[in-house]
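To start, the structure itself, in C-alpha cells.
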Amino acid sequence: MIAFRNTIILVVVISLFTFIALFGRLPALRKTPIGFSHRLLCIYIPNGFRQVDSRYTGGRMNANIAQLSNYLFHQKNPLVLLLFLVLLTGSATLFLRAALPHLSTSLILPIPFVVLAPYTFTYLCVTRKTDYITHANHAPAMRQYPYDHILFRPDNLCRTCNFTKPARSKHCSLCGVCVARCDHHCAWINNCVGRHNYRYFLLLLLSIGIVELYGAYLSWSVLSPHLHLGHSKYGWLEKQYWAELGNAFVFAMSIGGISVAGVGLLAITTMPLPFALFAYHLYLIWAGMTTNESAKWADWRDDMTDGMAWIGKRSVIEAHNKERKARHLRNRNRMSGLAGPVPDSDEDEEEYVPWPKHSDQTLVSTTDGKAPTGQEQLWERCMSLDMVENIYDLGFWRNFVAVMTGR
Ligand SMILES: [Zn+2]
Ligand SMILES: [Zn+2]
C-alpha cells in the first residue's frame, strides 16, 4: 500500500513539474496558475534563496548554483535529452519484459513501430541543423519569407552573426546562431526547433503520445482480467465507487507491480502532456505563427489593451517620411548655400520576396499612448489583433503543408 501511495505521489509530482516546465512560459498561460508556478519556480524562489545565501554565506552557494544553472539552462547540454531517453528506454524495457508473456500476437505486432518512432523522430530533430543561418546561406534565407513590418522589419540586425535578420528568424543564444523560422529552443532535443525540423518535432510529440497511449492500453489489457471493473453496483458519483476503484488499483499494483501497473500509471498521467503540446502546435499552425511569433503577438496585444498601439498604412507613412527627409535636406542645402539635387533615398531597397499574401499595414507602439508626433493623421489607434493581418497565415491547410514540407 505504501509503495502504491509513493508511486502515485511520484508520478503526480513528475507530471506536475513537467507540465509547468513545458507550458509555464507559454504566453497564453502567462496569467494563469501554471504561469505563476513557473515564475515561482524559476524567478521568485531562486531570488529568495539568493538573498538568504548572500546574507549568511556571502553568496558562495549561489556562485556554485549559478554555475550549475548556467550550464543547465543557458548552455547547450544533452541532460534533458538523456533523461528523456533513459526514462523511455527504462520504462519500455521494464514494461515489455514483464508484460510480453501475457500479450497476444496482435497486440505485440505494433510494438516495434510504436516504440521505435520516438527514437527515430528524436534523432531527426537532434541532427537536422540545416535551418541554421550562416553567411553562406544568408542570401537564400532572406528570400524565404517577406517582412511583415509588424513582427519582423528589414532594419533588424543580428550583432552576433553580423547580418540582417531574415524575416521569421531568431538568434538563439544557446545554439549561437540565427535560426530560420525559429519556433523555440527545445532543451528536450538540445536543439532549436525551426524551419526544417519543426515537422519532426511535431511527429516526435505525436509518437510520444502514441507510445504512452499504447503502453497504457497494454497495461490495461494485462491487468483488466484481474480487476473486475465495470461490475460495480455503485454509481460513479458515489464515494464507494471510488473506494472500489482505489482498491482495484492497489490490487493491480500487487499483480503487475511497478513494471506493468506503475509504468501504465505513469503513461496515463503523463500522456496528456505530449498530446496537449501537439494540440497547441496544431493551433499555432492554424493561426499561422511560431511559438516565437505568438509571444510577439501577445506583446502587441498587451500594448493594444493598454491603448499604446497604432496602426497605419506603410506605403503612406513611408512616402510621408521620405518627403519629410527630402524637405529637411532641401532646407539644409538652402541654409548652407549648397545647390544641387536632393538624393532620392539612401535607404536600401527591400528585396522583393514572392509570397501569396501581402499587407500594407504597419504597427507602432508609443510610450505616452498618443499617436506619433507630427503624423497624427496617418495613424489610427489599434484596439485589437483582429484589425491586423498576419501575412504568414495562409490558411490551416497551406500552413500545415508548408510545415510538413520543411518550408
Ligand atoms: Zn544571429
Ligand atoms: Zn537553439
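Every residue, even glycine, has its Cβ placed from backbone N, Cα and C.
According to TrEMBL, the protein carries these features:
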type: TRANSMEM; residues: 6-24; note: transmembrane segment
type: TRANSMEM; residues: 79-100; note: transmembrane segment
type: TRANSMEM; residues: 106-126; note: transmembrane segment
type: DOMAIN; residues: 154-297; note: domain 'Palmitoyltransferase DHHC'
type: TRANSMEM; residues: 200-220; note: transmembrane segment
Does the structure show the transmembrane segment (200-220) and the transmembrane segment (6-24) touching, where I'm treating 3 or more Cβ pairs under 8 angstroms (sequence separation 6 or more) as a contact?
no
Mean pLDDT for the domain 'Palmitoyltransferase DHHC' (154-297), rounded to an integer?
87
Could you tell me what the rest of the chain brings near the transmembrane segment (6-24), counting residues at least six beyond its ends with Cβ under 8 Å?
34-35, 37-39, 41-42, 253, 258, 262, 265-266, 269-270, 273, 276-277
Helix, strand and coil totals (DSSP H, G, I; E, B; other) for the domain 'Palmitoyltransferase DHHC' (154-297):
85 helix, 16 strand, 43 coil
